[in-house]
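**Student:** Could you have a look at this structure, given as structure tokens, before my questions?
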Amino acid sequence: LSINAFDYNCHLDLIKLLRQEGELVKLRRARQKMSELFPLTEEIWLDWLKDEIKMASEISEREKVYELFERAVKDYICPEIWLEYAQYSIGGIGQEGGIDKVRSIFERALTAVGLHVTKGTALWEAYREFENAILETAQPAPGSIPSPEQQQVLCSQLEKIHTLFRRQLGIPLLDMEASYAEYEEWSEEPIPETTIKNYKKALQQLEKCKPYEEALLGAETPKLAEYQAYIDFEMKAGDPARIQLIYERALAENCLVPDLWARYNQYLDRQLKVKELVLSAHDRAVRNCPWTVGLWIRYLLAMERHRVEHSIISEMFEKALNAGFIQATDYVEIWQAYLDYLRRRVDFTQDSSKELEELRSAFARAVEYLKQEVEERFSESGDPSCTIMQNWARIEARLCNNMQKARELWDNIMTKGNAKYANMWLEYYNLERAHGDTQHCRKALHRAVQCTSDYPEHVCEVLLTLERIEGTLEDWDAAVQKTENRLARVNEQRAKAAEKEAALAKQEEERAEQRKQARAEKKASKKAKKTRIGDKRKADEDDEGEWGQEEELPSKRHRGEGDGVLPEEDMEVETGLFGRSEKPDGPAIPKEKASTSRKDIPKVFHDSSKDKVTVFVSNLSYTMAEPEAKLREIFGSCGEVVEIRAVFNNKGTFRGYCYVQFKEEEAARQALGLDRTAVEGRPMFVSPCVDKNKNPDFKVFRYSTTLEKHKLFISGLPFSCTKEELEEVCKAHGNVKDIRLVTNRAGKPKGLAYVEYENEAQASQAVLKMDGLTVKDHVIKVMISNPPLRKVPDRPEPGRASLPLAPRQIYGARGKGRTQLSMMPRALQRQSNPVAKAENGMVQNSPAASSDPPAEPKKMSNADFAKMLLKK
């Protein structure tokens, strides 16, 4: 805690240990420290209160317990704490004003939680029992006649109990029927019609609330969806007290959900507008979720809205700066909110004032803070465009008529790497245009023409427009010369960059051609060796797939994988499964004739109408002996398997993927739960069978690709680190919900992991504690999970030709392997090197011929063409 005072779990551990050891003084100090930083839960408060009640014997000590109860009821609206408070106050009934104090506490408790549908009844009954006890003490002695004063006291006390019954029966609470029956039995007079009418109305309202209460009882933590549905229901009804109570109930169980606090505070700000209630809710929000900058900003606005003293608002802002935000931009936002508040305090009709000097001082401090504190922690200031300095410059120019200061600020902005952006120069130009003079406008645009690198043409056009309207002939000539020289240099630089890019592309093409030639030579030598041995199987002449892939080791991912529909060649090869699954009575087919036998089997294409009952399974081991039997055993637990279609190449080698068809759609949905199951040392991928040609936006990736503040991304882990070992490291900083070790397609670890905590607070604490930690001699990096956006390749426009891309070089774990893909489709290869086809449709090239790279066709003159026709 001396290192990080905001470690919530560490506070809990310390309190637990001190309570076990009986260190009461240290325990009280530890609880006090935690309560200053965080709102305490109902369980922590009740333990603390019970410990203090045991030690409180004198009146002065009882007063301290009362003060502790007052603090407890402000953190959350908890019926148990209010009930404990009221019952404890009964112990002081003998003191002066004791009865009135007890009644006051009970009334406050009913206002706070008396509407609680499931727990409110206990409080009403406790209040009635107290009043009944008072009634018993007011009864005269047996056989005596009460005096008029005693009779008046008895009537008054009876009326108090009647009033409590009537108030309770008008509120929808569980077991209302029992309360009504109790009132009928207790009352000597008939129940008034108005009470019966209110009771029936409350019963009807209870019936409407019951489905939501039952949903909460049956739901698992955190019950956010159920609470939100209940809140929406109460919002439609429009009772502010009930809306406030259901929000408080939801927050008591979800105190670390910033969005829930934000919605509650927004409701209080816009609807109730009660100062004490609003500010209390905002204060609890930032104490529960101090890492959420939006809650702090709303708190500052609410304090300003309710005219809180300036010193208190400034103090709250300082607390916000020490809250430990997780992004550099959060500090920019909180500074901007505070500066906006200070600006609204200034009376700009005066040339100088204390508020104006404070505003300028705050702007200067904000710039320095972002440069020193924030940049040191995050390696960035969070304000690359200098928005705070821009606002400062606008205030100086527009409200203070101080263009000199504004120019100094803009000069500082440009020196921070913004001089190359046209929009920054135009922002400065517009400020000069509105509050400066033409000379400085011209000077700014001349500098912009010289420095801008992203849109120089636009800046040049603005300069020429200025001179066309206001400039002299000399100004126009100077501007034209300046812009022409600048644009000439820009075009020259762009031409050089294009040439360089073209040269790099050409080099890449040459390297690709060399690799292609090397592969062809290597392949030719292998075929020549097989020819010498005498193995001239016909299947060897067709050992390339659609994309030039050698089929002995299929590629890591095929075109049809995950799409639900295979390419045409794959569909044809797929029929090899059916010949394989049926065991003929005759002798076994030799391996050498496997390819020929499959070609004789009729083709069976994928039936897209059965996609809903089919799953696509991939990333299986290519050496799996009997894929059908193995997968039938795995998927049999999901439901009845109708058919398993494993995919083989023409040589009979399993390609690592297949289709599993079930009898029922529910079985297919259950099968998706087996995704990433380890099968023969590799994670098996199971995805829906979807045709991506018809559903191009379909995504199989099941993990979030956006910012998740409760999840960590850890890199630099040793490959030997297991999930259990990582959990042992992470659980010291919070409750770990899930850990995912990232592996490659072969199931080998990549040294990366995602760790999910219960809430954002635990995740942010884990980042602070674990970043830079050494695990098995490896220094790990820990950050909040925020994957970068994946770049989607631009699709060519329909009907528009696109240049062929140079083939991308792909290497396996041991360098360049034989499963390397050639990205040039075979259809294009045929166009550049046409060859005759054999009867079976496959290219019949001799080994010697295939060793040479495809030659470009020789250009023919008209005379050559005429000679060729005559020979024909």
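Even glycines carry a Cβ here, placed using N, Cα and C.
All TrEMBL annotations are machine predictions without curation.
Small disclaimer: the values here were computed from a predicted structure and weren't measured.
Grabbed the feature section from TrEMBL, which reads as follows:
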type     : residues : note
COMPBIAS : 498-523  : compositional bias 'Basic and acidic residues'
REGION   : 498-599  : region 'Disordered'
COMPBIAS : 541-552  : compositional bias 'Acidic residues'
COMPBIAS : 580-599  : compositional bias 'Basic and acidic residues'
DOMAIN   : 613-691  : domain 'RRM'
DOMAIN   : 710-787  : domain 'RRM'
REGION   : 825-872  : region 'Disordered'
**Student:** For a three-state summary based on DSSP, what are the helix, strand and coil counts in the domain 'RRM' (710-787)?
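**Tutor:** In the domain 'RRM' (710-787), the DSSP-based counts are 22 helix, 32 strand, 24 coil.
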**Student:** What mean pLDDT score does the domain 'RRM' (710-787) have in the model?
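**Tutor:** Mean model confidence (pLDDT) across the domain 'RRM' (710-787) is 85.
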**Student:** Give me the DSSP three-state residue breakdown of the compositional bias 'Basic and acidic residues' (498-523), ordered helix, strand, coil.
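**Tutor:** The composition, in the requested order, is 26 helix, 0 strand, 0 coil.
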**Student:** Could you give the number of helix, strand and coil residues in the domain 'RRM' (613-691) as assigned by DSSP?
**Tutor:** 20 helix, 32 strand, 27 coil
